[in-house]
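Working notes, beginning with the structure itself.
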Amino acid sequence: MHEMSIAVAMVEQVTEATGNEGSCTVSAVRLQLGELAGVVPDSLHFCFSLACTGTALDGAELLIDHVPGRARCLPCGAQWATGMPPQLCCPQCEGGTAELVSGRELQITGVRRAGDEPRADARPASVQAIEES
Ligand SMILES: [Zn+2]
């Protein structure tokens, strides 16, 4: 399963990034995920929770920011949303020479540590805090 290896790599990456602080645990991980990255979000959520078990990320929430696929036509410069499966033929001049502008993202953009939690507010507060920072 493709998503499982991504989830395991994410956990390793986050553990490495926060590892120096010993007992630190992670409550949420924010991921930028392109529409064309070939990852099924539901499947990734599932694999992520499995991959987190027994690590500093145990029970951590996975927050996914979806990045829509966009392409640009090289000859005429038009830009459009590719959709999925991606439409890479220019709607303007019907040229076939397009490059992807976005949509292949797959990267961690934020990590929230359990200790940073604002007390008495354990709900989506964790989400807001990441967005604010
Ligand atoms: Zn064009």
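Using the three backbone atoms N, Cα and C, a Cβ is placed for every residue, glycine included.
Features as listed in TrEMBL:
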BINDING   HIS2  Ni(2+) binding site
BINDING   CYS73, CYS76, CYS90, CYS93  Zn(2+) binding site
COMPBIAS  113-122  compositional bias 'Basic and acidic residues'
REGION    112-133  region 'Disordered'
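Of all Cβ atoms in the protein chains displayed, 12 besides its own lie within 10 Å of the Cβ of HIS2 (Ni(2+) binding site). If you measure from the Cα atom of HIS2 (Ni(2+) binding site) to that of CYS73 (Zn(2+) binding site), you get 31 Å. For CYS90 (Zn(2+) binding site), the Cβ neighbour count at a 10 Å cut-off comes to 21, with all displayed protein chains included.
Sequence-distant neighbours of CYS73 (Zn(2+) binding site) (same chain, 6+ residues apart, CB-CB distance under 8 A): GLN79, CYS90, GLN92, CYS93, GLY95, THR97, ALA98. Other than the site residues CYS73, CYS76, CYS90, CYS93, same-chain residues with C-beta atoms no more than 8 angstroms from the centre of those residues' C-beta atoms, the Zn(2+) site, are LEU74, PRO75, GLY77, ALA78, PRO91, GLN92, GLU94, GLY95, ALA98. CYS73 (Zn(2+) binding site) carries a strand DSSP state (E or B).
Under DSSP, the residue listed as 'Ni(2+) binding site' is assigned to a helix (H, G or I) in the three-state scheme. Other Cβ atoms within 10 Å of the Cβ of CYS76 (Zn(2+) binding site), summed over all protein chains shown, number 13.
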